[in-house]
């Protein structure tokens, strides 16, 4: 038995099944982008331009941009400050603060908005939107920055001090440059979430592109006008991604040399301990206490049984969808992650960029594109769970990829080759050696996607088949009609579902820096 | 008869070419070491032979069977080669026993016997079979990797820097155990290394490689005492060079007049090993042969010492002193003379 391949390039492997699957996955991921562009420009560029250059679009642009600027800045300031307090000072009970500062991730932003609005209906506009999104999204900055600060090798700081730099100088010249990639990564995540946010902003009546696209679609089922707005939103997404890439620059943070990592000394807080604790406590009360109190309050006031048949129905369809999406997304992410791990060529780089960009698009864009595809070209797909699951897969494939790639990177090199030299075919070697080794990564990727799907609102609103209610859409229907008591059990359920995610993220970030 | 042959191998990574037409023959039953600095292409050559790296041109023959050539590229698992990677590449999720028997068929009734046979062969106690690889020392891991590669009784085993990750104490004993196991199995061995001591002591054929080309192939004694060129000579050990003038089989330099086998005439570079230089104290009466010089400094290694001497004509030389010899002090006046024949390379 000999296997010959004339297609293979220089180096190992060739255009095998892995590369083909990866290209197919990337193709599906990029589909929404192409569909939106095609729909937006189908009546000609002139018409599209007319639809873009309107006062209404200007207003949406102003709202979207100012919200992104205000909230991202606030998240960075609070996130970095809190991370420094927790990881580098003698703050008492640092582990508990770490948990309390990450925990708001368990409360979906639109549940947080519901909590605030139900207690304080006057909360609207940019101020309210910025307050609630900052409370909800600060963990995106806190988590990576804290992980980095915790893992930072203090030998660099020691060397800087010994070279005559003061404490502040060391922070500015040594610590900050190293924190920058984590900080920018967190800020990017906040900005992308803001561009995609629908629930919070609809509830606070603060229109952005995302809410406008949904309004347009629900009012008129007009996918062309929606596509024009979605194109502008895609441009904004591309700008945010490019900006982050540009700001990140070419910093190399590889640890040079081996040796044991030295745990940094913690800074004594002295008389600042009191203000620091008061500040952090206030933050935790606002970001975690308020939503928990509100949900508890409405659960008690609602008078409805917590486990109603409607809720159980929503729970079971949510779990069904999330299981399917989790499996499908993990299976789709595997060949892409494997290809990227194996070698870096123009093809793999393009696949990485394409899936990354496509998955950074707001849920509303992806959903609108799939609706368009179903309505115009593949009628039978319209209003099917299949289409919804595809949308979840496109949106959440990076979450699975991150886990799988981390697991692949951890697997020692040369194992597949060793298995090949012992007589295994490529597929058999993958099954016997690679899959058992990266199983935890696959599982954690699956869990990430599963949990994200459970609380997805925007794409689900657009794509869920009539009669299918998920936890998020059930909650939305109730709170939209100001039925806060009915919404409360759904909110509780989503918080309970998200709690393991929070734990998973926290333990992943602690593991990385061990 | 050759067990392994590579002809005209051209290979590279992306746009850079790493191997520029390499020819290599490994005689049956021999142990051949490819010696060269990092980045010379020796590991790529090994990977081409193993089938992990597809060359752009060339032919590979294993046990009289073509495994790579025009329109032919046999997959690594069908080449019948054993392969031991750097640091062993043991499967971390499998026990030592499962690692060793990985390549044997599951239903094979001889599995258990072969396992104990292999453990004995590489000198590992049978208790380690149930352990996981991370419970073993680096040297033990390397022995398991070898046992695993030998399990399917390959006729040729490829070793990629098998001892480089081990510390000095473990290296010699592991090398000995590996060499014994390979000899007992009677396999042909091709090893890649950048360590000349390892190559010289382990192999019966040395292939010196640099910048993707083979410079010389021959027995350890041949390549050490008669390196084909200056670069090869430098790889194989410390080298002392002075300028000289050659004529008719003799060469004159600051160190005196010596016999040389090289055919070069006129201005030449005279090269010799530090152990060929004998130092005497200049104060000692009766010694008037050799070149006068001053001791600059001395690298003391315990088992021997390298004495750096500045000759009065400005040349810098180094002499190796055995453990018994008196180590001269810095600044001491000495005379240096040469034993044996020297190498000359045209300037």
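Just so it is clear, glycine is given a Cβ too, placed from its N, Cα and C backbone atoms.
Taken from TrEMBL, the feature domain 'ABC transmembrane type-1' applies to A:61-242 (among others).
Residues or ranges marked as domain 'ABC transmembrane type-1' in TrEMBL: A:315-505 (among others).
Using a Cβ-Cβ cut-off under 8 Å and counting only residues 6 or more beyond its ends in the same chain, the transmembrane segment (A:12-40) has close neighbours at 5, 48, 223-224, 227-228, 230-231, 234, 332-333, 335-336, 338-339, 342-343, 347-348, 350-351, 354-355, 357-359, 361, 365-366, 368-370, 372-373, 390, 393-394, 397, 426. Under the heading transmembrane segment, TrEMBL lists A:12-40 (among others).
Same-chain residues lying 6+ beyond the ends of the transmembrane segment (A:60-84) with a Cβ under 8 Å from its Cβ atoms: 97, 101, 126, 129-130, 133-134, 137-142, 145-146, 149, 179, 183, 186-187, 190-191, 194-195, 201, 206-209, 212, 229, 232-233, 236, 240, 280, 283. The feature transmembrane segment is assigned by TrEMBL to A:60-84 (among others).
What TrEMBL lists as transmembrane segment is A:96-117 (among others). Under 8 Å from some Cβ of the transmembrane segment (A:96-117) lie the Cβ atoms of residues 82, 85-87, 123, 128, 131-133, 135-139, 142-143, 146, 193, 197-200, 203-204, 280, 283-284, 287-288, 290-295, 455, 457, 472, 475-476, 479, 484, 487, 491, 494-495, 498-499, 501-502, 505-506, all in the same chain and six or more residues away from its ends.
Positions annotated as transmembrane segment by TrEMBL: A:129-149 (among others).
Feature annotation from TrEMBL assigns transmembrane segment to A:182-204 (among others).
According to TrEMBL, the feature transmembrane segment maps to A:224-242 (among others). Long-range contacts of the transmembrane segment (A:224-242) within its own chain (CB-CB distance under 8 A, at least 6 residues past either end) are made by residues 33, 36-37, 39-40, 42-43, 48, 51-52, 57, 60-61, 64-65, 68, 188, 191-192, 195, 209-210, 212-213, 216-217, 356-357, 360-362, 364-365, 368-369, 372.
Marked as transmembrane segment by TrEMBL: A:276-299 (among others). Beyond its flanks by at least six residues, the transmembrane segment (A:276-299) meets 78, 82, 85, 89, 91-92, 97, 100-101, 103-104, 107, 111-112, 114-116, 118-119, 135-136, 138, 269, 306, 484-485, 487-489, 491-492, 495 of its own chain at Cβ-Cβ distances under 8 Å.
Residues or ranges marked as transmembrane segment by TrEMBL: A:319-342 (among others).
What TrEMBL records for A:354-378 (among others) is transmembrane segment.
Under 8 Å from some Cβ of the transmembrane segment (A:384-402) lie the Cβ atoms of residues 25, 28-29, 31-32, 321-322, 324-325, 328-330, 332-333, 336-337, 355-356, 358-360, 363, 366-367, 370, 374, 445-446, 448-449, 452-453, 456, 459-460, 463-465, 468, all in the same chain and six or more residues away from its ends. According to TrEMBL, the transmembrane segment annotation covers A:384-402 (among others).
If you look up TrEMBL, you'll see A:437-464 (among others) marked as transmembrane segment.
Sequence annotations record features per position, and here TrEMBL assigns transmembrane segment to A:484-506 (among others).
When Cβ distances are compared across the two stretches, the transmembrane segment (A:319-342) makes no contact with the transmembrane segment (A:129-149), since fewer than 3 pairs at least 6 residues apart fall below 8 angstroms.
Listed as Cβ neighbours of the transmembrane segment (A:129-149) (distance under 8 Å, sequence separation of 6 or more from its ends, same chain) are residues 67, 70-71, 74-76, 78-80, 82-84, 86-88, 98, 101-105, 107-109, 112-113, 116, 123, 175, 178-179, 181-183, 185-187, 189-190, 193-194, 197, 200-201, 204, 206, 283, 286-287, 505-506, 509-510, 512-513. Taking Cβ pairs closer than 8 Å, the transmembrane segment (A:437-464) reaches residues 108, 110, 196, 198-199, 210, 214, 217, 318-319, 321-323, 325-327, 329-330, 333-334, 362-364, 366-368, 370-371, 387-388, 391-393, 395-396, 399-408, 410-411, 415, 470-473, 476, 494, 497-498, 500-501, 504, 508 in its own chain, all 6 or more past its ends.
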